[in-house]
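Chemist: Handing you a structure now.
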Amino acid sequence: MASSSIASFAPFESYSPPLNTSETSLISVQLTQDGLDYHGALAFLCGALLFGFVYSVFYNLYLSPIARVPGPLIAQVSPLWLMRAVCRKQLNCDIKKLHEKYGKKPERSPVVRLSPTEVSFATVEAQNAIHRPGASAKQGLFFTKEGTLEAMMGEIIWPATNLLTATVPEEHQRLKKALQPAFTEKALQLQEPIQQQHTDRLIRSVQEASRQNRVVDLTPHMSQAIWDIISDLSFGEPLLKDQLAKFERLKTTFCMVSPLLEALQVLLAVPGAQTLAKACVGLVPLLFWLPTNVLPSAQLRKRFERQDSNEDFLTAIMRCREMGIQMTDMELQSNASLLVMVGYDTTATSLSATMNLLLRHPLCLQALQDELHSHFSSTSDMTSKPLSQLPILNGCIQESLRLFPPANGKGTNRTSPGTMIDGVYIPRGVNVSADMYTIQRSPTYWSRPNEFCPDRWFDNGPGTEFAQDVRSSHNPFLLGPRMCIGRAVALQSMRMLIAKLVYTFDLEAVEDYSWDLHVANSYLWTGYRCNARV
């Protein structure tokens, strides 16, 4: 009875007919073969990967055309050295240390290896060879951006080719010719009222902030002023404040993914891998939206439709169309966006660096203030021409640009056409650069290279301490055909902002803050501040 009861409540089980012995053996053999096939495929894949890894290491160490270029072992066989440098946000300093190590005896090398496909030079000779068309250009060999990470990202991010991303020399020359009228001496004079307007607004902004708290971070005030100046010159009106915040967030994101981008840079040199590299960049959607999200095309169209007398970049550029120098609407948007983003970031960075250096060197700050007070009775008297003739003001700016070049990141990289650079043959396709940060701090070219010495720019005659400085090695705006087209605008804006700030306020440092120690640098300088007692 008990067994019957238990059986009646047993769970239902489907019926399966019994297998005979031959069927069982056949299934067992098949499962065994499937398992062997799976494990065999896995073993083959692992073996292939191991062989590929070993061969890659062996090739990069012994067979690569740049195998003799000295550098850390990890840099010779992988992108990990560069990935580490940008990840820890010490790219400039780390490259400089490499040059100091391998530039000494017995190596005495003008070039170091940063990755399996990238090398860095630290000599004026290399800088001229890479950026100035010379003997190699006469042979039809040009250093271009084709194959660089910047060019690859430019194709994906920007709506059309611009001055930064153009890889063909003729195309770059056409765009430069179309944009050049916006940066002539006459254009600068006509644009000055826009700079004056936003500089005066900066002074009022700092005055208001100092009423609430005597310690003021000057960086956001200076950054906003430069953003307003550059965007006003580019679009005929300042862009919204939230667009500046959006750009700063995107810049931070870009630097955060820089280690991944370094790995992709190595992929660019592998045949057939460029498509994969571009697809990987596409996985970072924020980078796609940079020009159109920060600088909407609707705002550009609105500027085209508006007829006014304000003199800005677009006024001069549109005049070129009348002379037959053509740019498409997409090229106009791409280049206008470029002028705002690059013009803003480099100028804002240099402003903050200069003010920080002045705060750290109160004697220099006092000398500058005395110079300004001796030449002007008020800030309303300050105009671009007399400011450009002040030795201490211009010395402070040039010295800041020497110590902290704003555009030293990957933007100076080029692809070798296969030629000699400073006595070293660099094969075609290798990524090359002349490291601006290292050159401008090299004892080979500068007396007291790591010190802030504004007087080196005006007190440098025969017999002086700085007489032997090689000032031709100072190229913060690059050199050659790709020299920054907006350098005069940037310098004019910096002179005006610094002069009015130093003239108006008695500034004093409130912390021991050093750019060398505290400011992150990967592809760009980020996270800087400038706290001062006002």
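All residue numbers here begin at 1 and follow the chain in the order shown.
Cβ atoms are placed via backbone N, Cα and C, with glycine included.
This is the feature table in Swiss-Prot:
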- Asn20: N-linked glycosylation site (CARBOHYD)
- 41-61: transmembrane segment (TRANSMEM)
- Asn335: N-linked glycosylation site (CARBOHYD)
- Asn413: N-linked glycosylation site (CARBOHYD)
- Asn431: N-linked glycosylation site (CARBOHYD)
- Cys484: heme binding site (BINDING)
Chemist: Please give the sequence-distant neighbours of the transmembrane segment (41-61): residues at least 6 beyond its ends with Cβ less than 8 Å from one of its Cβ atoms.
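Modeler: Same-chain contacts beyond the flanks: 67, 76-77, 116.
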Chemist: Around Asn431 (N-linked glycosylation site), which of the listed recorded positions (Asn335, Asn413, Cys484) come within 10 Å, judging by Cα atoms?
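Modeler: Correct set: Asn413.
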Chemist: Which one of these glycosylation sites has the most other Cβ atoms within 10 Å of its own Cβ: Asn335, Asn413, Asn431?
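Modeler: The most densely surrounded of these glycosylation sites is Asn335.
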Chemist: What's the CA to CA span in angstrom from Asn413 (N-linked glycosylation site) over to the residue listed as 'heme binding site'?
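Modeler: A Cα-Cα distance of 15 Å.
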Chemist: What's the CA to CA span in angstrom from Asn335 (N-linked glycosylation site) over to the residue listed as 'heme binding site'?
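Modeler: Roughly 13 Å, rounded to the nearest whole number.
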